[in-house]
């Protein structure tokens, strides 16, 4: 178990996800994409690999933006998505609190399996 997952609070992550992320993302197997992709199976696919979702050009490019999602990359991304991937379609400004990010990552690690 990573340090991020260990310090994350899944219940608070669920609340944060529902309040800040669920309007654009789903997490259940087979759920449709919304404004953002369904995050089921999130950890360790390349960032452009969710079927049926039209990714922004920076997400589709090879090299730097071909991200392997894990606890640390997601934790870093959620601080400021537009800084992490310039020109991403994701409108969310990010979670500035490290604890909030750890909580959401812990929730997603559990809910997207």
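Residue numbers in this text run from 1 along the chain shown.
Just so you know, glycine gets a Cβ as well, placed from its N, Cα and C.
Its own atom aside, the Cβ of residue 25 (heme c binding site) has 22 Cβ atoms within 10 angstroms in the protein chains shown. Summarising the annotation, Swiss-Prot assigns heme c binding site to 21, 24, 25, 90 and lists sequence analysis as the type of evidence.
Minimal Cβ crowding within 10 Å, among the binding-site residues 21, 24, 90, is found at 24.
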